[in-house]
Amino acid sequence: MKLLEGKNVIITGASRGIGKGIAQIFADHGANVAFTFSSSEGPALELEKELTAKGVKAKAYKSDAASFEASEQLVADVLKDFGGIDVLINNAGITKDNLLMRMGENDFDQVIETNLKSVFNMTKAVQRTFLKQRNGSIINMSSVVGVKGNAGQSNYAASKAGMIGFTKSIALELGSRNIRCNAIAPGFIETEMTDKLDDKVVQSWRDEIPLKRGGTPEDIANACLFLASDLSSYITGEVLHVNGGMLT
Ligand code: NAD
């Protein structure tokens, strides 16, 4: 059964990793996919081709999620190109890890702008469309780190915890118009973002996870599919933890 047949979806930051996994599984379920990338045009165009070959409409947009103007322009472009928007996935994110002692002001600001301010930018930009059609699903990619914190990631943890507060507030604000807003809090997912971590540290994390493995982009994409589709039509303001049992 295709769960998103004919739905138009925007995913930020989908040239690789979790965003790419979401784009692939959504296309398999019949969704038309508009997605953004920040720098690597080659992989984004490859993905556009791959999704189009699945028989859906797909288009890559170079757009900085941290920019309010760029987000408004993106939504206008997608509305023109796709004719509507049903689902927004705020996935774009970065890390700039350091202990507070060594963390520069720029490292803090950049992470907050890219991970948290971007969610405000994109949600505000699609709001008018969702209100008009009295329907929409917004999914924000938070993190286990936003729930329990992590030494060396105070900027990242603050951005991801902020996303949860934003998610719950928007669920309260827009629920009466049948607009749902939920967050996903992935645990340790093996992507290019986590490739740069020390092998020994990564193995010790895998050992501590009750399911004894890191997650895959598909693990997160399947949770996203549930929250985007009508299967979750009575769920809003929730944080779905997808972490192999990490918090248990
Ligand atoms: P990744 O680094 O592989 O991919 C991040 C994507 O975001 C890339 O496509 C990049 O181009 C895009 N991006 C970065 N800055 C952008 C900007 N300003 N505008 C538009 N796009 C931008 O990371 P990932 O592991 O796939 O993570 C995706 C999301 O999931 C992030 O929000 C991340 O914080 C979150 N997350 C990841 C993990 C994990 O373990 N990998 C765990 C919890 C949460």
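Placement of Cβ uses the backbone N, Cα and C atoms for every residue, glycine included.
Curation does not apply to TrEMBL; its annotations are automatic.
Here is what TrEMBL records for this protein:
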DOMAIN    7-178  domain 'Ketoreductase'
BINDING   Gly13, Ala14, Ser15, Arg16, Asn91, Tyr156, Ala157, Ala158, Ser159, Lys160, Ile189  NADP(+) binding site
ACT_SITE  Tyr156  active site, proton acceptor
Item to check | Inter-residue Cα distance where the pair is Tyr156 (active site, proton acceptor) and Ser15 (NADP(+) binding site), in Å | outcome: 21
Item to check | Cβ neighbours of Tyr156 (active site, proton acceptor) where a neighbour is any other Cβ within 10 Å | outcome: 24
Checklist entry - Out of Gly13, Ser15, Tyr156, Ala157, Ser159, Ile189, which recorded positions lie by ligand 1, with a C-beta less than 6 Å from some atom of it? => result Gly13, Ser15, Ile189
Checklist outcome for this item: Averaging the pLDDT values of the domain 'Ketoreductase' (7-178) gives 98
Checklist outcome for this item: Expressed in angstrom and rounded to a whole number, the NADP(+) site built from Gly13, Ala14, Ser15, Arg16, Asn91, Tyr156, Ala157, Ala158, Ser159, Lys160, Ile189 spans a maximum Cα-Cα distance of 25
Item to check | Surrounding CB atoms that lie within 10 Å of the CB of Ser159 (NADP(+) binding site), all protein chains | outcome: 28
